[in-house]
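Chemist: Take a look at the following structure, please.
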Amino acid sequence: MSDPATSASRSGYAYALTAFGLWGIIPLFFKAMDPMSAMDIVAWRVILAVPFVGVFIWARSRWGEIKAALTDRKVLLTLLASAALISVNWIIYVVGVNSDRVLAASLGYYLNPLINILLGYFLLKEKLVKLQWAALAIASIGVAALALGALADLWITMSLACSFALYGYLRKKVNVGAAPGLFLETLLLAPLFALWLVWLRDPGVPILGPEPHYVWLIAVSGAVTATPLLLFTEGARRLPYSTIGILQFTAPTIQFFLGIFLFGEELTTVRGIAFLAIWTAMALYIYALIGEHRKAKRVSLAKQ
């Protein structure tokens with residue numbers, strides 16, 4: 001008979017790696033929807049995510065969390081702000097992918113954990129260890145390289161990293177689960193994006209894409225949006241935070257290889273310097289994360 005903790009850990013790895021794997025290959029989906037505009041793509045993602053996540057919440061009998069959030073003004077305002085941030089993040093990501101800057105987008109998600117460290121330091125008054133300071137210093141070299149030689153990449157990289165870090169910060173401030181939170185965020189955004197689709201967009205461009213097969217891509221866009229997040233949530237419940245912190249680099253790594261080998265993006269000298277600096281920073285980040293996990297484990301064992 002298998003140990004329940006071991007079974008939970010194995011299923012946690014399966015959920016988390018599947019989630020990060022799906023996030024890693026998501027550029028393929030957005031490339032398939034090109035030449036639809038980023039606004040149109042994100043509008044359909046948001047609108048169709050509402051019923052998809054709604055069914056999931058209904059199946060899990062979690063409507064109580066939705067009702068509690070709807071009656072709390074502070075929670076709703078925070079979710080409105082987080083919804084705005086994630087919609088900006090999605091739009092910029094699609095713009096990056098469909099303008100042949102998958103490498104710049106992947107770099108943004110490599111950089112995201114370091115932006116989280118900065119937010120923790122400035123907003124949460126968290127203390128940083130020497131390795132974290134070293135990681136930030138080395139990553140800044142990569143950012144400086146982009147600033148000097150690839151400004152078009154820099155704005156995508158930094159806006160993705162910062163918007164997602166701020167989104168995560170806001171979501172931590174509200175006691176709402178991932179699925180109910182995503183449902184409420186997309187529910188709040190849906191009317192605005194519906195207004196875009198019906199009234200504000202260019203009426204000369206077909207709303208369902210330039211070819212009949214785009215209808216099928218649009219139809220599954222809600223599932224494409226929500227499924228990785230729901231899988232990630234299940235994985236995060238079963239695995240230590242440090243493990244999730246390491247596994248999260250699966251997605252940008254897949255995107256990096258897609259950009260180079262499938263989409264034929266050039267790894268210029270400037271991009272190479274940026275990636276080398278940020279990969280080095282990531283190695284220090286992971287090393288520090290493992291060290292903190294081991295220290296916490298020793299303290300826990302000492303108390304027993």
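From the backbone N, Cα and C atoms, a Cβ is placed for every residue, glycine too.
Straight out of TrEMBL:
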type	residues	note
DOMAIN	11-146	domain 'EamA'
TRANSMEM	12-30	transmembrane segment
TRANSMEM	42-63	transmembrane segment
TRANSMEM	75-96	transmembrane segment
TRANSMEM	102-124	transmembrane segment
TRANSMEM	131-148	transmembrane segment
TRANSMEM	154-170	transmembrane segment
TRANSMEM	182-201	transmembrane segment
TRANSMEM	213-232	transmembrane segment
TRANSMEM	244-264	transmembrane segment
TRANSMEM	270-290	transmembrane segment
Chemist: Using Cβ atoms only, state whether the transmembrane segment (270-290) and the transmembrane segment (131-148) have three or more pairs under 8 Å that are 6 or more apart in sequence.
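Modeler: The transmembrane segment (131-148) and the transmembrane segment (270-290): touching, yes.
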Chemist: Is the count of Cβ pairs under 8 Å between the transmembrane segment (154-170) and the transmembrane segment (75-96), pairs 6 or more apart in sequence, 3 or more?
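Modeler: Contact between the transmembrane segment (75-96) and the transmembrane segment (154-170): present, because at least 3 Cβ pairs are under 8 Å.
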Chemist: Considering only the recorded stretches 12-30, 42-63, 102-124, 182-201, 213-232, state which has the highest number of Cβ pairs under 8 Å to the transmembrane segment (131-148).
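Modeler: Of the candidates 12-30, 42-63, 102-124, 182-201, 213-232, 102-124 scores highest.
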Chemist: Who are the chain neighbours of the transmembrane segment (12-30) in space, where the CB to CB distance is under 8 Å and they lie at least 6 residues beyond its ends?
Modeler: 41, 93-94, 97-98, 102, 105, 217, 221, 224, 227-229, 231-232, 234-239, 243-244, 247-248, 250-255, 258-259, 263
Chemist: Hey, which bits of the same chain come close to the transmembrane segment (213-232), Cβ under 8 Å, at least six residues off its ends?
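Modeler: Sequence-remote neighbours of the transmembrane segment (213-232) are 15-16, 18-20, 22-23, 26, 29, 32-33, 36, 41, 44-53, 56, 178-179, 182, 186.
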Chemist: Which bits of the chain, at least 6 residues beyond where the transmembrane segment (102-124) starts or stops, bring a Cβ under 8 A of a Cβ in it?
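Modeler: Sequence-remote neighbours of the transmembrane segment (102-124) are 27, 93, 96, 132, 135-136, 139, 142-143, 146, 150, 152-154, 156-162, 164-166, 168-169, 245, 248-249, 251-253, 255-256, 258-260, 263, 265, 267, 271, 274-275, 278-279, 281-282, 285.
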Chemist: Counting each residue once, how many in the domain 'EamA' (11-146) are helix, strand and coil under DSSP?
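Modeler: Tallied per class, the domain 'EamA' (11-146) gives 118 helix, 0 strand, 18 coil.
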Chemist: For the domain 'EamA' (11-146), would you mind checking the mean pLDDT of the predicted model?
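Modeler: Within the domain 'EamA' (11-146), the model's average pLDDT equals 94.
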